[in-house]
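Peer 1: Okay, here's the structure, questions in a sec.
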Amino acid sequence: MVVNSQAFLLALIALLATQLPSLMAADCPLDFSGSNFTLVATVCSNITNRGKCCRYMNAFVAVSVARYANLSTNLGVTSDLSETCIASISRAMEGYGVSRNATSFCGLGTKILVKYDCDGRTTVTQMHQSPGFGHVSRNCRLPFSPGHQCRKCLNSGITYLRNLIGAETNNITLCTCRDATYATLASRIDDTSALELLSCFFQVTELNIPSESFSPVASPEPSPSTVGGISPSNSDSQMTTSRSTNPYHLTMVPTIGIVVTAVALTMLVVLVILIRRKNRELDESESLDRKSTKSVPSSLPVFKIHEDDSSSAFRKFSYKEMTNATNDFNTVIGQGGFGTVYKAEFNDGLIAAVKKMNKVSEQAEQDFCREIGLLAKLHHRNLVALKGFCINKKERFLVYDYMKNGSLKDHLHAIGKPPPSWGTRMKIAIDVANALEYLHFYCDPPLCHRDIKSSNILLDENFVAKLSDFGLAHSSRDGSVCFEPVNTDIRGTPGYVDPEYVVTQELTEKSDVYSYGVVLLELITGRRAVDEGRNLVEMSQRFLLAKSKHLELVDPRIKDSINDAGGKQLDAVVTVVRLCTEKEGRSRPSIKQVLRLLCESCDPVHSAFAKAVEEEIGWDSRKRSNLRIQRGDSRIFGPSSSTTSRSHYSRSLPHSPINGFSF
C-alpha cells in the first residue's frame, strides 16, 4: 500500500511537471473580431428572450469557427483546445455582462460547440463532398435577392441535413450539423456576406459592424475578460486581431502556473499525511500481532491438523497478510449473518476463505483464543478445516479451507447450474450426518451447530460435503459449552429453526436434527426452506404422510432418474425427514440413528456390518435396543439414544462414545 502510494505520488508530480507548460501556454485560436457581445448581453438580460439569447450566442461562435475554417479548413479547434476556448468565451461574455446562468442555459460547451463533427465530417472539404451539399451552395448564393431567397436557402439546408443524418436524429446533432453547414458556406466568402448568411441561418439582426472595427485598436488597459482579441470598449465591442500583444494572456500565464503549483503542493501534503498514517496503522497492527501472539495458548501456533493424507499448520495470521491476500478485502465470495467471506491467496500459495466477523463483542483476546483453540481441534473429513485466525484491534478473522464448488444452496437453487443427481444428493446427506454425529457424539464436550442450512454446507472439488460455521457454541472457562441466556435473540435461519427452540429458547442436539431434516427435504424437493412465502416442512406434510405421494415430493428435474431401487430408498429418506421434523424434540431420532438408517437405505450390506461392529465393541448395544425398525412402509424410532441435559448457560450431551475426541 505504501509503495503504491509513493509510486502514485511520483507519477502525479511528473504529470504536473509535463502538463504545466502546456497549461500556461494554452491559447484559443478563434477570432472574434467585430463580434458585438454588448448586443448579446442586452438580449440575454431579458429572461423572456432566452431563445433569442441562445441564437445570438450561437451565431457569434459560428462566425468565429467559419473564420478559423477559412485559414485551416477545419470546422473548429482541436480537442485539446476546446475547453480552453469555451472557458475564454465564457469569461469574455461575463466581462460584457452576460450572466453565467445564460451561458449555462444555452449550453455553451455542450450544445454550442467550438468543434463541429457532423456525422464524422470535421473539415470543409468533407462537407463539400457530402451528397447534396452542392444543392445547398447554389440555393444559398449571396447576395440574397429580396423576397424568399433566405427561406429557399434554409429549406434547402433542412432537406440536405435530413437526408444526411436522418429525421430521427437528436437536436444537438442537428444543431451541430447546421452550424457546420454555415461554417462551410461562410468560410469561402467575405465578412459582409458571412454576416448576411449568419442573419439568415440564425434569424438574428443588428449584426452590421462598421468597417473600422476590423482594424486593430489598442486597448489602454488590460481587460479581465478577453478572448482572442475581445475587449469591452465605450462605444461598441471591438477586438484586436493581434493576440501576441494581448495583456490578458500575459497576466493569465503566471496565474495558471501559481494555481497548478498550489494544487500540486496541496496534493503532495495530503499524500504524505495519508502515507504516514497508513504506516502508523500497519506498525500498530504488527505490534498488536506480536502482543496477541503471546496471549495465544502455546499449543495454537504449532497445532497440526492431520486429515486423511494432508496436513497443515494452524497458525495466527497478521493483519497485513490478510489485506494482501484479499486485495484489501475486495474479493467477496459470500455474506451471511455472522460475517463477510473473502477469497484469500497468501504468498505461500495457500488459497483460503477468510471470514470477517460482523458482530464482535467486547471479548478479551484470551477468550477469543480459547474459542478458536476449541475450533482448531475439531477436525473431521466433513467439517471445513479452520486454518488459522487474525486479531486486529476489535476485528476478528477466521481462515478456513477454500471450497471450490461453493455451497449446496448454489447447486440446488442457482439458475443455470445443472441439478445434482439423486445419488449425489444422498451422498451429501450422509456426509452432513457424519459431521453432525462427530459434533454430537465424538467431541468432549459435545457441540451443537445451531445453524444447519444448505448455504452452510460446502462442497470441495470432489463434491465431498463439509459443514461450515460450526463455531457458534462457545467454550467457557471450565471447558464446558456455553450458550446465551434464555432472553437472548433466536439464532438460526427462518425455515430451518427448530419450532421447539423458538418457544423454549433452550438449545439441544435435537434442534440440529430438525434443521438437518429440513436440509434433507430440501435435497429431495429442490425447493427452498421458505418457498413462495410458505414453510417447506408445513407445505410438504400431506406428501410426507402418504407413501403413495412420496414421488410427488421429488425435484422435477431428477424425478425420471429414480428407479425401483431408488423408490425404496426415497421411502426411507422421506421417513427420516418426517421423524426429524417432529414438533417435539423428544420424538426425533438422534443423528446417529438417522445416519444408520440412511446408510442402510443406500447399502443394505451396511446393516449387517454395523451390527457386527457394535457387538464387537459392545458400547452401543443399549442404543440399538431403543431403536425399533418395523417392517412395512415406514420405520419408527423409539426413544432417542441420547438424553438431553438442559441448562441456560451450559450443557453437555451424555453417552459420548469411548475413544471420543476430547479437548
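Including glycine, each Cβ sits where the backbone N, Cα and C put it.
From Swiss-Prot, here are the annotated features:
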ACT_SITE  D451  active site, proton acceptor
BINDING   I333, G334, Q335, G336, G337, F338, G339, T340, V341, K355  ATP binding site
COMPBIAS  224-243  compositional bias 'Polar residues'
CARBOHYD  N36  N-linked glycosylation site
CARBOHYD  N46  N-linked glycosylation site
CARBOHYD  N70  N-linked glycosylation site
CARBOHYD  N101  N-linked glycosylation site
CARBOHYD  N171  N-linked glycosylation site
REGION    213-243  region 'Disordered'
REGION    631-663  region 'Disordered'
SIGNAL    1-25  signal peptide
TOPO_DOM  26-254  topological domain 'Extracellular'
TOPO_DOM  276-663  topological domain 'Cytoplasmic'
TRANSMEM  255-275  transmembrane segment
Peer 1: Among the binding-site residues I333, V341, which residue has the largest number of other Cβ atoms within 10 Å of its own Cβ?
Peer 2: V341
Peer 1: Given the recorded positions N101, Q335, G339, which one's Cα is the least distant from that of N36 (N-linked glycosylation site)?
Peer 2: N101
Peer 1: Please report the distance from the Cα of D451 (active site, proton acceptor) to the Cα of G339 (ATP binding site), rounded to the nearest angstrom.
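Peer 2: Per the Cα atoms, D451 (active site, proton acceptor) and G339 (ATP binding site) stand 14 Å apart.
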Peer 1: Taking the Cβ of D451 (active site, proton acceptor) as the centre, how many other Cβ atoms fall within a 10 Å radius?
Peer 2: 22
Peer 1: For the glycosylation sites listed here (N70, N101, N171), tell me which residue's CB has the most neighbouring CB atoms inside 10 Å.
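Peer 2: Highest number of other Cβ atoms within 10 Å: N70.
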Peer 1: Can you give me the same-chain residues 6 or more apart in sequence from G339 (ATP binding site) with a CB-CB distance under 8 Å?
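Peer 2: Residues satisfying the criterion: K355, K356, M357, N358.
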Peer 1: Could you state the CA-to-CA distance between N70 (N-linked glycosylation site) and Q335 (ATP binding site) to the nearest Å?
Peer 2: 64
Peer 1: N46, Q335: which of these recorded positions has the sparsest Cβ neighbourhood within 10 Å?
Peer 2: N46
Peer 1: How many other Cβ atoms sit within 10 Å of the Cβ of N36 (N-linked glycosylation site)?
Peer 2: 19
Peer 1: For N171 (N-linked glycosylation site), which of these recorded positions sit within 10 Å, Cα to Cα: N46, N101, I333, V341?
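Peer 2: None, since no candidate lies within 10 Å.
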